[in-house]
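*Asks:* I'd like to ask some things about the structure below.
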Amino acid sequence: MEYMFLLMSKFFFVFPIIIYIGPAEIIKPQAAEENSRRRILNPNENKEEIVKRRRRIGSKPPSCEKKCYGCEPCEAIQFPTISSIPHLSPHYANYQPEGWRCHCPPP
């Protein structure tokens with residue numbers, strides 16, 4: 001009896017997932033194929049740029065393409081975020097989180 005309960009519970013857990021995922025692959029098989037073949041690295045980057053990008057510590061800068069409303073070059077800059085919550089313990093007293101913004105450099 002216990003075995004039958006486990007079998008039925010697995011069936012009712014897995015079956016809806018198969019039903020949910022299945023039609024997406026049937027309707028758009030070419031989209032799934034494109035996603036699996038998509039290159040992670042930009043083919044125009046040279047090896048030095050790839051190594052430099054991989055060695056960067058922390059978060060990645062955002063893509064600032066079409067975010068500066070016409071100025072060139074639009075570049076990502078890092079800035080410290082200002083927290084309204086006071087530090088609750090001395091362990092985080094020196095911690096300053098940083099964020100990214102897209103910015104036009106001065107001419």
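The backbone N, Cα and C atoms fix where each Cβ goes, and this holds for glycine too.
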*Asks:* Please work out, from what Swiss-Prot records, which of Cys71, Cys102 forms the disulfide with Cys64.
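*Replies:* Recorded disulfide partner of Cys64 in Swiss-Prot: Cys102.
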*Asks:* Just the number: how many Å between the Cα atoms of Cys64 (disulfide bond) and Cys71 (disulfide bond)?
*Replies:* 11
